[in-house]
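> One structure, pasted below without further comment.
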């Protein structure tokens, strides 16, 4: 089942229910017993004698704040009196049917006028009522309640839990409750080792915690659909805003080289924006998925997948693009329909859109944060002998390079930026410093920016460094 994951990292808010409405506690539970979570709460209710009065009584009691205010609970309930089922409104827990001193003037007036009667009502709450956080808080030891695990990353129907060591004994219980409380989920897994620890394809070993073992997912992002086996490719739903941020930098008709494209989270949306992309990935399954995504999302005129090593692809693609036959894509925009002042429909046919694939790349994307910086030396001499393709001989500038990387997490990020610049300089054999950033006093031709993508862990930050490939690097003769 296809599902959009616009909010991919779900963090249910812990319940702030009053004590009497919280679930029963069993801190010895290790295997989920749903039947244990059942509770009867004695309340009072205002029984409405005529159904025609339900709406006005409800409005009156809402205004007087006498109605029970519990999330996810219908305050209108059935109540049986003398074998006749009537409607009643649940009253807040401080109101007692046998103590008129707890009644508000509104309740007194409704009773005096014979509109309602106030009596006892036993409210039954069960497992289905409470949130994931309510149930988990009722089974974990008290010393762990400050950090109840609630967040997860969703990819299609699969939830990926990242649990700290102290929660491992309850992992299956936590996962089963998560599955029960989220109808779009069918599978819950836990990563047992870091991404890429056992595979060069950035996959990870995992443990199935709850649900079925099917890892073939359907994922939507930026109006594109991807279908893949999550156990065989890399996908991080937390990066959806970063994918969009970068794609928004590309202009229709530009040429992009996506060096480590994965299943295409940059390439496929870019193709939909009429941007030409050569998208490469080393993972054979990722390549197959990307081929499917190209067809499925109808971007085959703009996106071409490849299955090569990233380092060799950087050098090969720059030369191959010059030799390939020109590609021209003609698109007929949809007819525009408008109404004039008299109401008549007027049709306007926009002119044809014509895009010709460029002979040089405008952007390189290197989304392999673990070691993408190590590939930068492939740009040394990448356009050696091809100076005539760029300024001042043509209007084309050298490409922007967008390289993802990890660095330590410093308080003001200055140390991180210095570290990233140092590592880029070493691989490019060209000096890059933090002063070269846009707005700085350094080399303005670099157009350097370092974007903070996300905090991966307390001591690990993900960044995207963007810079224009220096002439001294691109044209260097080895």
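Heads up, the Cβ atoms here are built off N, Cα and C, so glycines get one too.
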> According to Swiss-Prot, 281, 282, 309, 310, 367 bind S-adenosyl-L-methionine; which one of 243, 393 is annotated to that same site?
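It is 243, as the record lists it for that site.
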> At 10 angstroms around each C-beta, which of the binding-site residues 281, 309 has the fewest other C-beta atoms nearby?
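Across 281, 309, these binding-site residues, the one with fewest Cβ atoms within 10 Å is 309.
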> Within 10 Å of the Cβ of residue 367 (S-adenosyl-L-methionine binding site), how many other Cβ atoms can be counted across all chains shown?
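Other Cβ atoms found within 10 Å: 24.
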